[in-house]
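*Asks:* Feature annotation from Swiss-Prot assigns active site to ASP11, ASP130; the stated evidence is sequence analysis.
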Amino acid sequence: MLAKRIIPCLDVTNGRVVKGVNFVELRDAGDPVEIARRYDEQGADEITFLDITATSDGRDLILHIIEAVASQVFIPLTVGGGVRAVEDVRRLLNAGADKISVNSSAIANPQLVSDATGKYGSQCIVVAIDAKRSSAPGEPPRWEVFTHGGRKATGLDAVEWAKEMAARGAGEILLTSMDRDGTKSGFDLELTRAVSDAVPVPVIASGGVGGLQDLADGIRLGHADAVLAASIFHYGQHTVGEAKAFMAREGIPVRI
């Protein structure tokens, strides 16, 4: 079995790392370069870096911050936020990103994913999906895709959208439960499992990690290939090393 990845996530706005609850109530967590360097030293497998207001604010890419982080961090760096065209993918790769995450722009123009993977390869294109449960209690579970940092409903079914994005060449799906984001109540395992079982590409589970058991559950019960977390790492609750040691004790293969 391939090693499962632990990925700290840096949500950035106005040049600072922030963390919210259910995509709002943002709280400052520090300087992105310092935080990224700390996670590299702790043994993170990758770092994901999302400019969470670039699309809704209509801002350009934060290339200067990406360059600064890439100069200090020597593990794969995924960058998302404000990517609107294949040219943006090129600019971010040149700035030092290893993988590019697209979200709102993939929904506005699904061909962007096909074009970007055609030009740069599936291995560097991640499609981020922000999903919120839309089914009533007692109904078969359904989740709706949201864009623009969770502000805009699309009417799209999250599982079907993930399948379409994989078919268009996406190398990974970064799946965030909006219902669980920042709540520390654990991943939406039903959502994670539904998407993981439906697509032939790796799924990164995101949204809701409150402790180390949640990370293990995301892999074992959610069938995810990687787990992403922010709050438990940013505020010193756990280090990445502690998370990996716990996963290893649980019998989950990780790179120590």
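Each Cβ is built from the backbone N, Cα and C atoms, and glycine gets one as well.
Buried or exposed, and what's around them? Tell me for each listed feature.
*Replies:* Around the Cβ of ASP11 (active site), 25 further Cβ atoms fall within 10 Å across all displayed protein chains.
Within 10 Å of the Cβ of ASP130 (active site) there are 27 other Cβ atoms, across all protein chains.
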*Asks:* Cα distance, ASP130 (active site) to ASP11 (active site), nearest Å?
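*Replies:* Cα of ASP11 (active site) to Cα of ASP130 (active site) measures 14 Å after rounding.
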